[in-house]
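*Asks:* Quick one: this structure, given as structure tokens, is what I'll be asking you about.
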2 protein chains.
Amino acid sequence: MYALEQKILNEGIVLSDQVLKVDAFLNHQIDPVLMQQIGKEFAARFKDTGITKIVTIEASGIAPAVMAGLELGVPVIFARKYQSLTLKDDLYRSKVFSFTKQVESTIAISNKHINAEDKVLVIDDFLANGQAALGLIDLIHQANADIVGVGIVIEKSFQPGRDLLLEKGYRVESLARVASLTNGQVTFVIE
Amino acid sequence: MYALEQKILNEGIVLSDQVLKVDAFLNHQIDPVLMQQIGKEFAARFKDTGITKIVTIEASGIAPAVMAGLELGVPVIFARKYQSLTLKDDLYRSKVFSFTKQVESTIAISNKHINAEDKVLVIDDFLANGQAALGLIDLIHQANADIVGVGIVIEKSFQPGRDLLLEKGYRVESLARVASLTNGQVTFVIE
């Protein structure tokens, strides 16, 4: 997605060979117009798949997921990383290990808002090692719902997440695919 | 805002005289169409105030804030409740006590994305005791930016947050004002 790649080149900061910081438009400050374009792009790529729900994870997945939900006309559920006091329903839970933060956390969604009739699109901001996406997929499986695919804003293609998801049979649509971050330079996968 | 009040009456769950759960459309599952209506309503109420930035707090403030940002044509910054590894800039920090969760947390925004020229609209999902809004206001003051007002999706008008903000001179625009949750019933402030 050209507009996203340009934004990454102009405002992304390469912190290391592994870490791309996009706090200027996605992970801390959010560019709502770009989010709308991203929502439209996800909707276009998945439009004929009968999606009934989008599932994402707090906090940075919410903006792109809600814009996709608006375009597709479906509700969005964001998995919580911590159980809040007002989320007392029976929960589906999964463990997710973050390589970036080197911590394991529990993610959860309520069993009230998803069921076996749902066809779910998983959306997340980044795909690196695939652990967050696999955690979300695990939650959706617990609900016996179908998974239509995984929509990713920025994929780090040099990390194993994409292949892990493809090997398990999931469709992966990443709007920007970063081939490398070496020498402080962002290069994209040529498709 | 009529559509929001109807949604609260139809899908909100009164957990106690103090707690209204809106996990069906705002705090866990999100209704993107309603969020768009909310964004348009905030934009209409604050349209002539020269807003340059919206500041909210993760996670439930993000959806309404991004929709308002889209309408107003300005970026959205979401304060983080935890410092992440990739947010290494100098940070403005403030302490917020949650009466609901009975914990104090630190919220923070990067000093890169806000400055003394900014005119900021604060948006949050709930206004109860006002502690989250005051924490966000504190962050914005640290940047020497102006605060145009506070936009709230659901105000619990029987709690002190609104009066606290008004006493300090802030404009408060709440799209639904809950007068009472007694006897399991939601009643709204008649304006």
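Just so you know, glycine gets a Cβ as well, placed from its N, Cα and C.
Since we're looking at a predicted model, the values are computed, not measured.
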*Asks:* If Swiss-Prot gives B:L20, B:N27 as binding xanthine, which of B:K119, B:K156 does it give for that site as well?
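*Replies:* Between B:K119, B:K156, Swiss-Prot records just one in the xanthine site with B:L20, B:N27, namely B:K156.
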*Asks:* Using the Cβ center of B:A128, B:N129, B:G130, B:Q131, B:A132 as the 5-phospho-alpha-D-ribose 1-diphosphate site position, which other residues in that chain lie within 8 Å, going by their Cβ?
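*Replies:* The answer, listed by sequence position, is B:V96, B:S98, B:F99, B:L127, B:A133, B:L134, B:Q159, B:G161, B:L164.
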*Asks:* Can you tell me the CA-to-CA distance separating B:A128 (5-phospho-alpha-D-ribose 1-diphosphate binding site) and B:N27 (xanthine binding site), as a whole number of Å?
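*Replies:* One finds 15 Å between the Cα atoms of these residues.
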*Asks:* Please name the residue among the binding-site residues B:N27, B:N129, B:Q131 whose C-beta has the most neighbouring C-beta atoms within 10 angstroms.
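*Replies:* Per the Cβ count within 10 Å, the most buried is B:N27.
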*Asks:* Show me the subset of B:L20, B:N27, B:K156 whose Cα is within 10 Å of B:N129 (5-phospho-alpha-D-ribose 1-diphosphate binding site); these are the binding-site residues I mean.
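*Replies:* Qualifying among B:L20, B:N27, B:K156: B:K156.
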*Asks:* Less than 8 Å, Cβ to Cβ, versus chain A; work out which of the binding-site residues B:N27, B:N129, B:G130, B:Q131, B:A132 satisfy that and list them by sequence.
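*Replies:* Only B:N27 pass the 8 Å Cβ test.
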*Asks:* Just going by other Cβ atoms within 10 Å, which of the binding-site residues B:L20, B:A128, B:A132 has the emptiest spot?
*Replies:* B:L20
*Asks:* If you skip the near sequence neighbours and keep only those at least six away, which residues in the chain come within under 8 angstroms of B:G130 (5-phospho-alpha-D-ribose 1-diphosphate binding site), Cβ to Cβ?
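*Replies:* Those within reach of B:G130 (5-phospho-alpha-D-ribose 1-diphosphate binding site), by Cβ under 8 Å and sequence separation of 6 or more, are B:P160, B:G161, B:R162, B:L164, B:L165.
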